[in-house]
Amino acid sequence: MEEYEAQLLVVEQALENAADDAQRQDLLALKNNLQELLALTRESGDEAPIDELPQQGDNLDDELQRLKSELNDLEAAGSSQTALDEERQLADLRTKYTAMVGEKCSAPHEHSWGTCYHNALICGVDDEVVMNSEGVLDARLRVLFTNPTHREMLPCSYYLEGECRFDEAKCRFSHGALVTGSSIRKYNPPDFHKLSRSRPVFALLPDRLWHRGRVLCVNFVEQICRVRLDGQDHKERERDFKFEELYPLTTDQDEDDELSSEESNSSMNDNSSDEAESDMDDLEEARRARMVELSLFTFKPTERLGAWEEFTRGIGSKLMEKMGYIHGTGLGSDGRGIVTPVSAQILPQGRSLDACMELREAANGDKDYFSVERKLKRAQRRQRKADEKAYVRESQRVDVFTFLNDSVLGPGESTQQGEQVTKKAKTNELQQHSTKTLNVETVRIADEIRRKQRDMAKVKQSLDRNSGDAQLQKRLQVQMQSHKQELATLQAQERSLSKEQQTRKSKNKMFEF
């Protein structure tokens, strides 16, 4: 009797937990049979004859065995259903993670001081199944860190090529870290717009590891950043890095700025229009301060934008300044456009673009080959040379008044006589030297002439370069005149030596029979 009641309780509990309709029908039929059996047992009770007791006991035993077999079948069906659900869940997870292979993510890495997340690349799905902290089955992913900071995170180059002779436990480098799929996070791409002074960054060194440092200055035009590396083990602590060799780190200030921006947005929606205008003013001041800071770290050209308006009536730079442009920054709302103006170019008339490109390639790819500024400077140099030649021509020209002064008034005769006496004295002095001495003197004077011509070329370049400085032009003109006089003297000496050498050669030919 007690066994039947216990079995009835078990069947009722199974009915409460059963989800399948077929199982519920079987359990309900079994429950009805047990209730009928209990009712019959209570009615018959002690009235059953003695000879029927063994037969009734056999029926109860058979009923108990049948009940136990049905319970075992129900437990087996429930366990098989659970196993099927787990296999289906794992298959879905593997399909999901297999589709993620090749994608970038942020994966955890266990350091001595704790767990830290680093950017990584998913390269495969492990076969082993693990149980996460919440007691749910999960698969493990194999990831390679893209910004390794320690040697155990550095990917093995031989493993990537499939030639590593060591297994994962013996190799000093990483064959891929195993992390659970539920622990990965979204990939954090580098934001180079956040680069500013004292910003912490990771910098890539020749050892293929990313070392921590702080920004000293940034050149957004050439995309180069100077970083001071942390630690004392670097011989050159301050180095220049390209943007692709840097990874800006997120600071607490950035998180505070994001939170404050969200709070300011919510407050702007709740506050009045006056408060909204004040917030906009604050944002404008912050933007202007950032633009000024950007101008300090931007490449400075040799000439500021709009400097030519000093000599013209142009007002373009003034209008840009009225519209909010800050001198020293690039064009555009964020100040990251070009800093130097685009130079005007004039292409040859009647020539195709292909022909113009061929001309530029013939000039070794000179970008300023068709520049208007270069053509104007070339024309100025030609005009300057023509003016110099005209000045020399006019200075050497002898007019009527000079002829009368030199020939009629007398001092000219004495001057000519003095020059003739000087020439005769120099000729007599040259006749006293040997031919070898004359040859050595000729070589020395030729070297002096070449040196003097180089000096004159340098002075001429200085004149062209400093055309705007009047006082410097005067000093350079004096130097040029002095060099010209010395060059004329050297050339006269060279002519005298050449004449003497030619005279000696002629005499030698006359004495040969």
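FYI, residue positions are counted from 1 along the chain as it appears here.
For all residues, glycine too, the Cβ spot is worked out from N, Cα and C.
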Of 298-333, 442-477, 478-513, the range Swiss-Prot tags as region 'Disordered' is 478-513
Students should find that the zinc finger stretch in Swiss-Prot, chosen from 11-34, 107-130, 155-178, is 155-178
For the zinc finger (155-178), the DSSP helix/strand/coil residue counts are 4 helix, 4 strand, 16 coil
Long-range CB partners for the zinc finger (155-178) (under 8 A, at least six residues beyond its ends), listed in sequence order, are 107, 109, 120, 123-124, 126, 140-145, 148
Across the compositional bias 'Polar residues' (478-495), DSSP yields 18 helix, 0 strand, 0 coil
